[in-house]
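**Q** Structure incoming, see below.
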Amino acid sequence: MARPKNVKHIFVTGGVISSLGKGILSASLGMLLKSRGLKVAIQKYDPYINVDPGTMSPYQHGEVYVTDDGAETDLDLGHYERFLDESTTQSSNLTMGRVYKSVIDKERRGEYLGATVQVVPHVIDEIKDRMAEQAKNGDLDVLITEIGGTIGDIESLPFLEAMRQMKLEMGDSNLLNIHLTFVPYIKAASELKTKPTQHSVKMLLGVGIQPDILVCRSEKPLSREIKNKVGHFCNVNELDVIGLNDCDTIYEVPLMLLKEKLDLRVLKKLGLKKYKEPTLDYWRDFCNKVKFPQDGEVTIGICGKYTEYPDAYKSIIESFIHAGASNNVKVNVKLLRAEDAELNAFDFAKELEGINGILVAPGFGDRGIEGKIKYIQYAREHNVPFLGICLGMQCASIEFARNVCGLQDANSTEFNKRTRFPVIDLMAHQKKVKEKGGTMRLGSYPCIISEGSKAYAVYHKFLINERHRHRYEFNNAYRKNFEESGMVFSGTSPNGELVEIIELKNHRWFVAVQFHPELKSRVQKVHPVFHGFVAAAKEYAHGVHQMDLVVEMPSLVPVLTEPTQ
């Protein structure tokens, strides 16, 4: 019997303040290790008590990232997929709520044999068991675990205790901690201050963990003197104090960490000797295209309900960066608050001045719906490139029904259960569902595309797989009416029952999709829908008026390939 592979573990923690970029750090390190020939996986441990973020407000949590297997997860998993070009799964995101639920379920089944169930050992052992199971997946060399929250938060203590025990059991050469901290720059003193980092490390020491590597976020580069000071007071080798100053784009972070030799320090500490030199020319080319676009810029308006919190649209915004690079343009994003468009005095021409394309974003509930519909009407009537995603497709259907098909009171039963013309209705298998968490149509599903459509022009294939997160769907009772009025149903489920893509033939670019293309766009594989949309916006900005744009996929950033099911 073959001996199990000795998987190396890297835990990434954060201190001083939140939002330092632990997810970007984890994804960047994973990408560097993968480029050296190692098999790497990343997971996120979130300390909140929710089982998953699926029922959390976007204002509190940001975007819910959906995996191929239907998990509703943290948005950091999007960074992992975009940087590593590897798909995550249900097991890639563990919440404290899921841990507690599992422990309580086991207690109810009598699996603890009458013991008093406690955080130590039962909750901690549950975390360690989950970690051991994840390490068995995929013949891994390295498993990176990002622990959410900030050192000092009471919620994350069980995760830290599990890490402490694992390090003791596995040894320093099999598990290391990378601690991300903040070194503020005080303008009045013209100095970088290390004291917050020192205190953060002391808090980590207070739970029994000595960090192996410190990554210090800062506004300005760290001098050798500062690195030496941090290392001296935090009991870390100066070579293991890594500077990470602000940069123009998050996609430069791997290149900065490579320059700081973070990956080499990790390899040495974990005793990993068989590796190759990384080839990152494609990554440098991508960053150059992002920073120095050759064909100017375009501006896309994102009409949504959560525009005060851009993280609610994180993957959409990142997808525009990818599509901008593939089209050699910079994509500026303007967030458009849907509710504002419902005001009688709202001036669309003024609000959309300089806008080269309109995207109506996903969401739930009736707030701002009429504003979204008005933006869609403007895009349709003024031949402005338009893309609707999920709820955006449903709103596009409502707008078309009202203003083209003559169904004046058309609506979705989500917003008006008594509407005379329910062009959007609850899916049949959803009508008896009572619980909200994890019960939508979630994950990757196949879609058949019609030849000769705009969708086929960007995908160049008949069968695609895309990720979904919805309960409502187009009502097929109205399909004939729509088709007679000029709507093209260019993508459906294989049995033809579920509408996945709609588009207008006599429009520059009017495409709406029920799925979430933003969840599958990556640095090396720009999503075809976003590439095509930005290409249309680019032509619109340049004053080209042909109706059927020829969209060529780029050579630098290849088209999304068929995923493995």
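Our numbering is plain: 1 for the first residue shown, then up by one each step along the chain.
Each Cβ is built from the backbone N, Cα and C atoms, and glycine gets one as well.
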**Q** Asp153, Ile154, Glu155, Lys193, Thr194, Lys195, Pro196, Thr197, Gln198, Lys229 bind CTP in Swiss-Prot, but which of Ser18, Ser19, Ser397 does that record place at the same site?
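**A** Given Asp153, Ile154, Glu155, Lys193, Thr194, Lys195, Pro196, Thr197, Gln198, Lys229 bind CTP in Swiss-Prot, the matching entry from Ser18, Ser19, Ser397 is Ser18.
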**Q** Record says Tyr59, Gly363, Leu391, Gly392, Met393, Gln394, Glu414 bind L-glutamine. Source is Swiss-Prot. Which of Arg109, Arg467, Arg471 does it list for that same site?
**A** Arg471
**Q** Given that Swiss-Prot annotates Ser19, Leu20, Gly21, Lys22, Gly23, Ile24 as ATP-binding, name the residue from Asp76, Asp85, Asp105, Asp125 that shares the site.
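**A** Candidate listed by Swiss-Prot for the same site: Asp76.
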**Q** Give the sequence-ordered list of residues that share a chain with Leu20 (ATP binding site), lie 6 or more positions from it, and have CB atoms under 8 Å from its CB.
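**A** Expected: Gly14, Leu180, Thr181, Phe182, Arg217.
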**Q** Are there recorded positions among Ser18, Lys229, Cys390 that sit within 10 Å of Gly363 (L-glutamine binding site), Cα to Cα? If so, list them; otherwise say none.
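**A** Taking Ser18, Lys229, Cys390 one by one, the ones whose Cα falls within 10 Å of Gly363 (L-glutamine binding site) are Cys390.
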**Q** If I restrict to non-local contacts, at least six residues apart, and a C-beta distance under 8 angstroms, what lies near Gly392 (L-glutamine binding site) in its own chain?
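**A** Result: Cys303, Leu359, Val360, Ala361, Pro362, Lys372, Ile376, Ala512.
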**Q** Which whole number of Å gives the largest C-alpha distance between any two of Ser18, Asp153, Ile154, Glu155, Lys193, Thr194, Lys195, Pro196, Thr197, Gln198, Lys229, the residues noted as binding CTP?
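**A** Across Ser18, Asp153, Ile154, Glu155, Lys193, Thr194, Lys195, Pro196, Thr197, Gln198, Lys229, the widest Cα separation comes out at 31 Å.
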**Q** Across the listed ATP-binding residues, Ser19, Leu20, Gly21, Lys22, Gly23, Ile24, Asp76, what is the farthest Cα to Cα distance, given in whole Å?
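**A** If we measure all Cα pairs in Ser19, Leu20, Gly21, Lys22, Gly23, Ile24, Asp76, the largest is 12 Å.
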**Q** Give the sequence-ordered set of same-chain residues, not counting Ser19, Leu20, Gly21, Lys22, Gly23, Ile24, Asp76, with Cβ within 8 Å of the centre of the Cβ atoms defining the ATP site.
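**A** Not counting the recorded site residues, we get Gly14, Leu25, Ser26, His79, Glu146, Leu180.
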**Q** Considering every residue in the region 'Amidoligase domain' (1-272), what is the mean pLDDT value?
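**A** Across the residues of the region 'Amidoligase domain' (1-272) the model's pLDDT averages 94 on the 0 to 100 scale.
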**Q** What's the CA-CA gap between Ser18 (UTP binding site) and Glu518 (active site) in angstrom, rounded?
**A** 25
